[in-house]
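A short write-up of the structure that comes next.
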Amino acid sequence: MCGIVGIVGHKPVSERLIEALGRLEYRGYDSSGVATIFEGELHRRRAEGKLGNLKTRLKEAPLSGTVGIAHTRWATHGAPTECNAHPHFTDGVAVVHNGIIENFSKLKDALAEVGTKFQTDTDTEVIAHLLTKFRRDGMGCLEAMHAMLKCVEGAFALAILFEDDPATIMVARNGPPLVIGHGDGEMFLGSDAIALAPFTNDITYLNDGDWAVVGKTSVQVFDIEGNVVTRPRHISLATADLVGKGNHPHFMEKEIYEQPEVIARALGHYINVNDSHVTTTSTDIDFAGVESLAISACGTAYLAGLIGKYWFERYARLIVEIDVASEFRYREIPLSPRSAALFISQSGETADTLASLRYCKAHGLRIGAVVNTRESTMAREADAIFPILAGPEIGVASTKAFTCQLAVLAALRIGAGKARGTITDDEEQVLVQSLATLPGVMRQVLNDITPEIELLSRELSHYRDVLYLGRGTSFPLAMEGALKLKEVSYIHAEGYAAGELKHGPIALIDENMPVIVIAPHDRFFDKTVSNMQEVAARGGRIILITDETGASMSKLPTMHTIVLPDVAEIIAPMIFSLPLQLLAYHTAVVMGADVDQPRNLAKSVTVE
C-alpha cells in the first residue's frame, strides 16, 4: 500500500524518483506526486491516476533539485484526488506518508483551535502542520521531528523535507517498511529494496520506532526516545531486471508461467531428491516437541495456510488452529508455550499478520515465518525462517507465491510427520519423489490447458456470478479460485465447501450460474459428484476441473471439463491451482480489466 522513495544526491533527482516509483506500482495506488528542494525552496508536481499522468506533468513543468521525495498514494483518508495526493506542503515542510494516523481527528481539532487551516481530507496533512507548528515554536528540524513522532499514533512510514535543512531527508518508520540505500556520494530511501535496485544493493532496514536523518553520504538513526542507534547493512538480492514483464503482456501471466522454475528452486531448498529425504536446516521448528500449531495469514496466504492445516492434521497428527490474521490477534486464544506458530506472508510486512506474530511471540510460542522476502520484518522477528524463494511477485493477484507457499508447506508437512513418527522412511521417500515431479508436471499442464482456458474465459466473461465448489484441500482451492476471479475480473465469485451446497448456495443456482467444481479423483470424489448432480438438476452450468481418472468416471454433462493428469495427492493442490489462475487471468483480459493493478487493491497491505 502506497510507495515512498527519496534521494539525497549530487545530480537532478526528479526523473530517478519517478523511475523508482515505477518499481513500486505493484503495491497499488490511485495518485502520485514528487517534491524537490531547489535554490532553498520546495517545489512539487502531483497527479491523479496512473504514474503516466505525473510524468506528463513533469514534461510540461520539469522539477530541478538534487534532493527530493516521491510517493504513490492508495487512498485511506480522503478521495483519490490531486488535492489529496502527496507530498503535502505546509510552510517550509513537505511530507509523504504510508499508513494511517489513528489519532488524526484529535490532532486536527487541536490544531484547528490554534488557527490551522487544512487544505485536504487526509490524515497526512496533520503531520505537516504539526512540524510547522513546532518549527514556529522555536524548535529545530530535528527537535520538531522528534516532537511530532511523540504526538502521532498509528502505523506510518514517513519521508520529510525541510526548506531550512535542504541537504537532508528525515524519515521515520512505525509499521510499514522503510529502507535506506547507501550509494556512491548519495543516499536513497524507499518502501522496499526493489525500488532502489538500479541505484544500490547496500541496504539498511529501519526497525519499528526508528527515525533517521539521511544526508548525501551518511544516515544517522535514532530510536523513539531519541537515542542514536546502529542498524546493520545488508546486501539486497533484489535486482532491477527481476521486475520486467519479459515477453508477456502482464506480470500476472509472466508469474503464472514462472511457476515451474520457481517451484523447482523452492523445493531444492527443502528436499534432497538424490536420497529422497527432506532437508534440515538450523532454522527448523522442532515439531517433535510441539503440542499444537497455530497458522495465521491474510488473503491468498491464508488459503495456503488452510491447505497446510489439512496436511499437518492428517499427516503429522498435529492439532492446528488457523484464522485470518485480522481476527486471530483479537480472539484471545489460549496459547501454550509448547505450541508453535506459522505466519505466512509474501511480503513479510502484512500488518495484521505481523501483529499476530507479535501476539504469539509475547505468549512464548516458537515462531516460523513462511515469507518471500528474507529481509522482511516478519523474517527478522521470527525464530525460524522458511523462504518460499518465488522471486519478486509484481502482479497484485498472487500466483507463484501461492504455489511456492504450498510447496514449502508440503515439505514442512513431511518433516513434521517424520519428526513426530507419523511418516515412515519409505513414506518419506515416496512423498519426496512425488514433490520432485511437480515442476515438470506444472510445465506440462500450463502448455496443455492454455488454449482451452482462453476459449472458456470468453464464455465465462458473460456471467456476473460464479460459484466454486470443492472438498478437502479442494475447498481452500475453491475459495482461492473465487478470490482470483473477483480480484482481477470484478466478476462476483464465491468459494464454498461442496458439502455446504444445500445449506444456502443452492438457492442461487439456475441457468445463469456457472459452478466451477474442483474434483480430483480422491476419497471425496463420489460425494462431490453427488453435489454436481444437485447443481445439474437445477440448471446450473457446471465447469468441472478433474483428473483423467475423474473424467472417466463422471458421466454428467458439463459446460466444460478441464482434464488434468493423475498426480500424487501431495502435489494436487498446486496442479489444480493452475487452471484457476489461468481462467481468472484470461477472463480479466477478455473483459479489458487492469490485470496487474486491479481497482482498489494493494499488493502489500501494510496497515490494519
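Cβ atoms are placed via backbone N, Cα and C, with glycine included.
In the three-state DSSP scheme, Cys2 (active site, nucleophile) falls into the coil class. Cβ-based neighbour count (10 Å, all protein chains) for Cys2 (active site, nucleophile) stands at 27. If you look up Swiss-Prot, you'll see Cys2 marked as active site, nucleophile, on the strength of similarity to another entry.
Under the heading active site, for Fru-6P isomerization activity, Swiss-Prot lists Lys603, citing similarity to another entry as support.
The annotation domain 'Glutamine amidotransferase type-2' is assigned in Swiss-Prot to 2-217.
Here the domain 'SIS 1' (283-422) has, by DSSP, the following mix of helix, strand and coil residues: 63 helix, 28 strand, 49 coil. Taken from Swiss-Prot, the feature domain 'SIS 1' applies to 283-422.
Positions annotated as domain 'SIS 2' by Swiss-Prot: 456-598. Residues of the domain 'SIS 2' (456-598) grouped by DSSP class, helix first, strand second and coil last, total 69 helix, 30 strand, 44 coil.
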